[in-house]
Every structure is written in C-alpha cells, then in structure tokens.
Amino acid sequence: KQHFHDGRKAQQHIETCWKQLEASKRRFERDCKEADRAQQYFEKMDADINVTKADVEKARQQAQLRHQMAEDSKAEYSSTLQKFNSEQHEHYYTHIPNIFQKIQEMEERRIVRIGESMKTFAEVDRQVIPIIGKCLDEITKAAESVDHKNDSQMVIEAFKSGFEPPGDVDFEDFTQPMKRTVSESSLSNSRGDGKSEPKFGSKSKGKLWPFIKKNKLMSLLTSPHQPPPPPPASASPSAVPNGPQSPKQQKEPLSHRFNEFMTSKPKIHCFRSLKRGGAGPEDFSNLPPEQRRKKLQQKVDELNRDIQKEMDSRDALTKMKDVYIKNPQMGDAASVDLRLAELGQNIEKLRLEVQKFEGWLAEVEGRLPARTEQPRRQSGVYEAQNPAAVNSCAQDRESPDGSYTEEQSQETEMKIPATDFDDEFDDEEPLPTIGTCKALYTFEGQNEGTISVAEGEMLYVIEEDKGDGWTRIRRNEDEEGYVPTSYVEVYLDKNAK
C-alpha cells in the first residue's frame, strides 16, 4: 500500500511540473506577440510625418519594454523546460523503477512465505497421517467387534417389564362354600390383597397389568436391578422422574394402558439417530406445540386449496354437462357423469382429511396461550366439524425431544370456530418477555423446536409451562425455543399477565 502511495505521489509531481512548463510556454508566446505588435506600432509612428517626436519616442520605449518582457519570458521558459526534462528523466529512470523494484521484492517475499507454509503443512500432515491411520484401525476393530446378539439382549434386559404371565386358575368348588380358596396364581390375587375382581371375565383377558397409576407402571417397566436415575445434570430429560416427559395422568381403563405399553417406543439415546431423518408422524406430534400448530395450519390450508380446485373442476364439468343437455350435437352428457362422480369422491376424501387435521389443530390451540392476533379465517368449503370427529383425534403424543407423553383419556368436547385463517404466523411479532429464568442443568436441544442451554445461564421467558412440561425461552432477538420446565428456575415479572 505504501508503494502504491509513493507511485501516485511521483505521478502527481511530474504532472505538476508539466503544468508549470505549459504555463511558462504560454506566457512566452503571449509576450512575443505583444513585442511584435509594439514594434509594428513604433515603425508605423516613425514613418508618419504628421506624428510628433514625443509620440514616436513613447512608441519606441513601449516597443523596447515589450521586447525585454519577451526576453525574460524566453529565459523563464527555457529554465522551466530544462527543469521538467530533468524531473521527467528522474521520474521514469529512477523513482518509478525503484517503486516497481520494491513491489517486486515484496511479491517475491510473499511467494517465499507461501512456499514455506505449504512445506510446513506437508510436514504436519505427514505427522498426522499415522495418527489418523491408527484411529481408522481402531474404528475398524470396534466395528468388527460389534455383537448384535449381545446388544439386543442388553436392550431386552434394560427395558423388559419384569411381569410374569399368570398361572392356571384353580377350580373353585362352590358346592363346599366353607372350603373355597382363592388361587394364588389368579389375577384377582396378583396384588396380594386377597380381594377378587368383580368384573373379571371374558372382557378382562387383555387386562394383564395391575390397577396402578402410570408413574408406578412406568417404574415397573424398567429393570429392578437398575439404580435410581441420576440427577438431570448427568442424565437426559427422559430420565428425570416426574419431569416434563411423564406428566401426571388421570386413571384410564387397563386395556388402554396395556395397548399403550405394547405400542409405545421407549426413548433410547444410543438409537436416537435412527429416528432422525425418517418420516414423522402424520399429526406432527414430535414437534413442540408452536411448531406443531404451524405445520398443522399449513396442512389445513393446503387441503383447502385442493378442495377448492376440485370444486372448480366440478363446477366447470357441471356447466359443460348443461351445455351438452341443451345441445346434444355438441357432446354426450352422460360422458361427464363418471368424472363428476370421481370429483365428488375426491372432495369427500379431502374434507375428511381437513376434519382430521383441524381436530388436531384445535387440540393444539386449546393448549397454547390465547393470541392477540386477528381472527383466523376458515375456508368456506365446509362448516364447523362434528365434535365427535375432534374427540377421536386424542391420541398418544411425544414431547419435542421424542420422550413419551400421553393425552388425558377424558377429552372434553371441542368446537372449531368458523373464523378466518390468515397466513401471518411466520411474520408475527416476537412474543414479549414475561420474566427470566436460570438454567439449573445443562440441556442439549437436539430436536426441532428445542434450544440448548448451559448450567447457570440466564435467559428470558416468553411463554409459561402450559401443562405439557415445556417452557419457551429466548436467548437473544432471533434465538428461542423450548426447554424442560424442570431444568430451569423461572422468575416471572409481577406485572406479567
């Protein structure tokens, strides 16, 4: 940079010398012309006999003065020309070559340093290659030592329920009431209280689990030989007892609990990668509440657009059929009946899909806090849905980190307001902060919608726990997400609503 500055400075100096030379040259030219005119005027006055002697003398003196000024300008021009030639020679043969030489030397030093850097890189890389080779050898050995039978048996031992099937039911002789005993292996005595189950019969064959609460049932599903879960600072959210992944539930029919156990997939951290990248559930229950609501809303809007397209096609075919009826020579009206029936079936299927997704959407919005947005508008394709269809959508859910949670079985009737839908969720204003919180444990948010926090970190709370075990927080203006409520200590503002 300094060399380029010196070059511009030398160029400006030579340009200044050239301007001075041009100025002295123009001055010399002007003085010469003035001297010629003064000489011509003197000669004219001297030849005129009618002019006085004083006027002739005055003209002669003026001519001499102009000639003297021309001589001075000539001398100055000659001096300036010699100076410019000297400066120009020094500029092109001394200053500029020196500047170029310095730039060349600097570039050569840069090339040398690049060569040295590449040589150093090659030497370091040559030293690292054996280490990488050893790492690859160890990886190969570890991969070859994988025992799939042993691994699967370890998973079975860690997650087996521990329950044993009941034995045969003993024959009870009612002809001798005083000698009747209760079978020790029967289900009615499985809890050791000596009380028989009044409703035990053919409908109870699937009820193989005792009438206990969900948290006790889940504790029985783990191996009794395992130690109690470590504190959250060294364990995953799914290992925290009574944490956000296992909320308190109401009692349910025993057959429901058995079906849940048979169909639920316990969260195994070493297998978490198997869940990633796969197709998610249809109701987006693997997402946090807000993300799930947006996905469901997008799905409802997409289905509504598909319904509108099908209805437009049906209207066009209906008009075509009317034209064919009025003018049989233009076409056969019966030829469009098959297509009309097909469109009707498609519309009905899409409406059923909309009912299903809006049921899930209403379920999610019933949990989210009340919004101050404009009323959402619903497409005029159909009216408010049957509450029975909404109730049928209450199914088992998973929290954002994939652990098991459950909906209450006694789902109340929900209605969908026939308001307008606005596609403004992605552009909504950021939620105001309602308090602060301190992270009690480190949480690695590896699922969509969650956020990672470090122990002792202070953050802003923008949404309280709504009963699902998750609190929405914000670290800065554009980084927010959900964390387990049990992992943070919340300090709400007194004036926050």
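Glycine too: its Cβ is placed from the backbone N, Cα and C atoms.
Annotations in TrEMBL come from automatic prediction, not curation.
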Inset, instruction - Write down the single range among 10-41, 42-73, 106-137 that appears in TrEMBL as coiled coil. - result: 42-73
Inset, instruction - Using a Cβ-Cβ cut-off of under 8 Å, list the residues of the same chain that are 6+ residues beyond the ends of the coiled coil (42-73) and lie near it. - result: 24, 27-28, 30-32, 34-35
Inset, instruction - Restricting attention to the domain 'F-BAR' (1-151), give the mean pLDDT. - result: 89
